Protein chains: 4
Amino acid sequence: MSMNTFGHLFRVTTWGESHGPALGATVDGCPPGVAISEEMIQQWLDKRKPGQNKFTTQRQEADQVRILSGVFEGVTTGTPVQLMIENTDQRSKDYGDIAEKFRPGHADITYWQKYGVRDYRGGGRSSARETAARVAAGGLAREAIKMLAPGVEITGYMTQVGPHGIDRARFDWDQIAQNPFWAPDAEAAEAWATYLGELRKSGNSVGAVVEVIARGVPAGIGAPVYAKLDTDLAAAMMSINAVKGVEIGEGMNAATLTGEDNADEIFMGNDGQPVYSSNHAGGILGGISTGQDLVVRFAVKPTSSILKTRQTITKSGEAAEIITKGRHDPCVGIRAVPVGEAMMACVILDHLLLHRGQVGGQIGENRGKIG
Amino acid sequence: MSMNTFGHLFRVTTWGESHGPALGATVDGCPPGVAISEEMIQQWLDKRKPGQNKFTTQRQEADQVRILSGVFEGVTTGTPVQLMIENTDQRSKDYGDIAEKFRPGHADITYWQKYGVRDYRGGGRSSARETAARVAAGGLAREAIKMLAPGVEITGYMTQVGPHGIDRARFDWDQIAQNPFWAPDAEAAEAWATYLGELRKSGNSVGAVVEVIARGVPAGIGAPVYAKLDTDLAAAMMSINAVKGVEIGEGMNAATLTGEDNADEIFMGNDGQPVYSSNHAGGILGGISTGQDLVVRFAVKPTSSILKTRQTITKSGEAAEIITKGRHDPCVGIRAVPVGEAMMACVILDHLLLHRGQVGGQIGENRGKIG
Amino acid sequence: MSMNTFGHLFRVTTWGESHGPALGATVDGCPPGVAISEEMIQQWLDKRKPGQNKFTTQRQEADQVRILSGVFEGVTTGTPVQLMIENTDQRSKDYGDIAEKFRPGHADITYWQKYGVRDYRGGGRSSARETAARVAAGGLAREAIKMLAPGVEITGYMTQVGPHGIDRARFDWDQIAQNPFWAPDAEAAEAWATYLGELRKSGNSVGAVVEVIARGVPAGIGAPVYAKLDTDLAAAMMSINAVKGVEIGEGMNAATLTGEDNADEIFMGNDGQPVYSSNHAGGILGGISTGQDLVVRFAVKPTSSILKTRQTITKSGEAAEIITKGRHDPCVGIRAVPVGEAMMACVILDHLLLHRGQVGGQIGENRGKIG
Amino acid sequence: MSMNTFGHLFRVTTWGESHGPALGATVDGCPPGVAISEEMIQQWLDKRKPGQNKFTTQRQEADQVRILSGVFEGVTTGTPVQLMIENTDQRSKDYGDIAEKFRPGHADITYWQKYGVRDYRGGGRSSARETAARVAAGGLAREAIKMLAPGVEITGYMTQVGPHGIDRARFDWDQIAQNPFWAPDAEAAEAWATYLGELRKSGNSVGAVVEVIARGVPAGIGAPVYAKLDTDLAAAMMSINAVKGVEIGEGMNAATLTGEDNADEIFMGNDGQPVYSSNHAGGILGGISTGQDLVVRFAVKPTSSILKTRQTITKSGEAAEIITKGRHDPCVGIRAVPVGEAMMACVILDHLLLHRGQVGGQIGENRGKIG
């Protein structure tokens, strides 16, 4: 990844600040012929946008995406696609009192130290608002994947809020769209609602864990050693604001397993394709997909913009206190779900293209046959 | 990262298979004038090499590095440095019986499916032998860091073997070099020795967690949004063989913390530099270093090459059993410690250069002053 | 360069079609603190824009640039700068009759063959309109250069129109801004006016040669072997629409010179800096700047959009005739002058940053001293 | 291109100095399954190597290439291929007297100024010896092209030595391999032999022009706007030592042509493929191949290492004289012919892969059909 661009062939460059006129994604390398419209992308932005429910930030943004280039008569041309979202509800006055102070836990201080100039309004470029551009790019990636690898399905959901996890025995795909948390466990969703309601009233916040699954991904994508599929997924998720940990498959828990327990044994399936006894690997071996579900998890830290006084310093080096007023998000992890899905889509598409570039063949076709 | 190269300005391309004539690292973009010799690099390879103690693989490799270019009269010239390590002890016959079978948990099957050809000897390119090249590159990076940012210290150690973690209350830096596990806790080292001795006898293996700390890193390095310092560290560690999870600071545990508990408050230190009340952030905010210790952790899964029979298939799609004979590593995570240190060094150097490229200034000097 | 992005640290991605809603440049890696405004960039666009004089295309575009990100309180923040130009005067009906035909000498046929979809209006992405985005990016680069290397001056001019060249004995810098051709030779300017007037009436067109000089560039920039300064300049100029040849210094003529005549001998100047007896090298040796004037020349072919009937085929493979109606440019090379300047600025800035990234030091300071 | 690597998917990193232990090319991204051996590559190195005839440098290098990785059982694995060439005949004493002086026309002074350290033996990294690594990589590229696009033929030859050009009316492909100049005109070859014999006796040198043609390249490769095929070819050729100009098709002469004369009109051929009335475009329109011959030319300046005294300075800033003793090349352009062919091969292969990556399809198949 290079500064503000990620991807090898499907290359996304995001731009824009929280309180600037607009933000967006310049998407280069999209295959031609992908049917795309503003509506197709908008649905994913609507899933992400603030003001959506009482558990996420109350900023009201229309988040209307415009396609400014790269599409002609309803399909991509293979030239760069500019996806722009205008900022409409900045409410600068909510942030005006922190021009001089550095909010603890935010990038205010590091952006200042590094660049010597910072757009303090809403966190400027460090704001999670940047993720709207990713979600737009992810919407385009999804449509390209539909065209190239129609069996792929990408779904994100929350598995943990604070110390409260889901019960995987109650896992139900249909629940995900039924509650404000994209929780696949209805009981957990209720518990979280109560828990977050209290947190919100007390002006505090908490972290969360998001899991993103991709089903139907062909085996064989990923480019070892440094563009391994898991490497690119780790980078993609870690680049999301407030993420502090990324896991593939068993994740950190793999450390506790023995070799006997961890290995996914291999058998021939009925359809002449290899099948595995389990999926501790999370769908990736040696950085290349196995054809099993890709399983990625990431932890989002709690926001530091809370309604409690924190100690900090000013630019001139004086001690100060700071407290967030106005909008406050008890759990920013919730809005990371569509962002994680978008990143998964972009990385998968990128690797489908990268594989056919270096190795060739039809998408889904393996150069090395088995059987 | 692009296929077999990582880094933006300090660019490392590794090459070589486990049983080929040689392997190495082509290092491009090293600053000129860095004092370097084969001995300076060799010390880090010696730390990594197999046959070192009874807990790691018994393959006897001299792992002698040769510098073939980019150094003149004892200093780097600024041109590519070729670091080559010849393979001397391949023992092909140990692997000859798996030309047709795919070892579960390894990349044999995915390399076959992707490329349609695979060097099955010792795992070919997917072998952890590739990490010797990284360690060599890391040795060069360390010397460049000594020249450019002399206060930086990079240290890796193990914090967990299987389910057994260290006790951080007993953390002792001096212990790290005193035991075969680079454990900073003498009691844990003893417990691990017993545990792994039993595992080894039973032909099994287990995972581990490695932590790498970098102290004295200047604030302000890291290039948001997609070359954030934590993004590049996550990618670097996830690219290491058998890694399944990466954490920065609190890592996955950040999900359980509240905003009140997680934020590191900011104060002015005696030396006119900001200091923080804690370091949940792991030294990175918004993808940029804060000047605090960089704290990175990664989990290594247990090797699947164990002395127990596993179910698998052959290239022709027939069911088969497989068992590893000969060399067997009860805990591959041990050798990942110097590899993690090497990756940390490469990423830090890369970002020191990237920062001075885009922003300028002396290394360690912040463009944005405080106080 | 990677598809629609050029540059290593100062990275410019252009987007937009001739008849789309807008076009622009996403500029990543600009140093922070550069004073910039829309007016500062607009001046360069005004120099380029169509409808400016009777020798260039009569399309009337305001070419108003808007800065949508990356600038705060009048200076760059170090985050991506989005420069957008809205298309206002597309006149689709001028092109409507070539949806099915491929204009000879244009990219219509190759875009169709490659992508299977093409925006035929005005040449879509292949249109020289894309160069407006480059000129905008060049305007930003110029301001960054002013801040980092204030002695640098970049000037472009025409040295040849059709078979008629300037007389270098009459070279006068002050003439460049005095005629519609940016010709440094007043007599040549008059001759060209007559010549092009006739060409225009007869519906024909002709090629041209543009030369761009950069004075005051510090010695030592350029990154051998594959990011040599001349390599990047050649790529930059060759990427401009209709360019068919690029020269550095003596250029193609270097083939006719003997070693005795071609070498620029070296002496010590009064200010303790090396000086050269001549500049056949065009300011570059071994891909690195010498401190002498950088001299780059490129040839622009004549446009094929002329008011003469040409033979071609349709998408369905039938023979057809085609003739351009409406707007017609007798010499597209004229508008390439500000584009060449913009590319020179972008490449120089990129290399100033790249040098200080890998080698360090103050801009203009050489690591290797002489004297 | 990034410092010492060129290519997007087929990525070549060269390393090594003229008088170091070895030099080579690390080739990443080669498609798997390409049949390759050291002999297949050696033939191209033999074409290039010094000591071959009395018109090129008398240094005797075996230039034996070794394949150290990335090949298994005679085919590429898709992992990095290390091609190494050991230096055997350095004759350091021939260069020992210029440790302190800068040879005019060479990169000695600029490498010193930039890096503050230089390997002065034989020009170090700036030596044309580096091109041996390119030729090795080109040998591998040729084999990959044979597998993927078997109709492609790449041929280089000289069209001009000093002021003496070939007569295109006498152009004969069979002559190219029959004389030491790769001249396609037997009479020109004789004239050049006489001319260079005199130059060599007088201790002088002269420049040359090399032309490289690629026939049978499918239409549709090239990635506008900044990875246009001509952009990458220009960069590739300009990066060769001593090159000062690059042309595509008509090249600089395109400036003198009118639109009526320059356009290549389009017709349907008998085989249902478009054909063109002429090829002023050199096989490229809008940066994408047309299916016609790719025609690239580059000018090589005369070497400055001649047996005539030149004025220069020393590192300490004192005036000095310098004269080359021993080996001397009257026309370095001759050895650039196989280098130009190698670059053409690498760029074409890279673009075949890039096209199938972004757009898909079988190589040679156009997404946009005609007829």
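Using the three backbone atoms N, Cα and C, a Cβ is placed for every residue, glycine included.
In TrEMBL, annotation is done automatically, which means it is predicted and not curated.
The following features are taken from TrEMBL:
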- B:R48, B:K54: NADP(+) binding site (BINDING)
- B:R125, B:S126, B:S127, B:N241, B:A242, B:G286, B:K301, B:P302, B:T303, B:S304, B:S305, B:R327: FMN binding site (BINDING)
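Positions of TrEMBL features highlighted on the structure.
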| residue | record | DSSP class |
| --- | --- | --- |
| B:R48 | NADP(+) binding site | helix |
| B:R125 | FMN binding site | helix |
| B:A242 | FMN binding site | coil |
| B:K301 | FMN binding site | coil |
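Proximity to chain A (CB-CB distance below 8 Å) holds for B:R125, B:K301, B:T303 among the binding-site residues B:R48, B:R125, B:K301, B:T303. Using a CB-CB cutoff of under 8 Å against chain D, the binding-site residues that qualify from B:R48, B:R125, B:K301, B:T303, B:S305 are B:R125. Least packed by the Cβ count within 10 Å, out of the binding-site residues B:S127, B:T303, is B:S127. Note: the Cα of B:T303 (FMN binding site) and the Cα of B:R48 (NADP(+) binding site) are spaced 17 Å from each other.
In sequence order, B:D63, B:T131, B:A132, B:V135, B:R335, B:P338, B:V339 constitute the residues six or more apart from B:R48 (NADP(+) binding site) in its chain with CB-CB distances below 8 Å. The number of other CB atoms found within 10 A of the CB of B:S305 (FMN binding site), across every protein chain shown, is 25.
Counting every protein chain shown, 30 other Cβ atoms lie within 10 Å of the Cβ of B:R125 (FMN binding site). Of all Cβ atoms in the protein chains displayed, 21 besides its own lie within 10 Å of the Cβ of B:A242 (FMN binding site).
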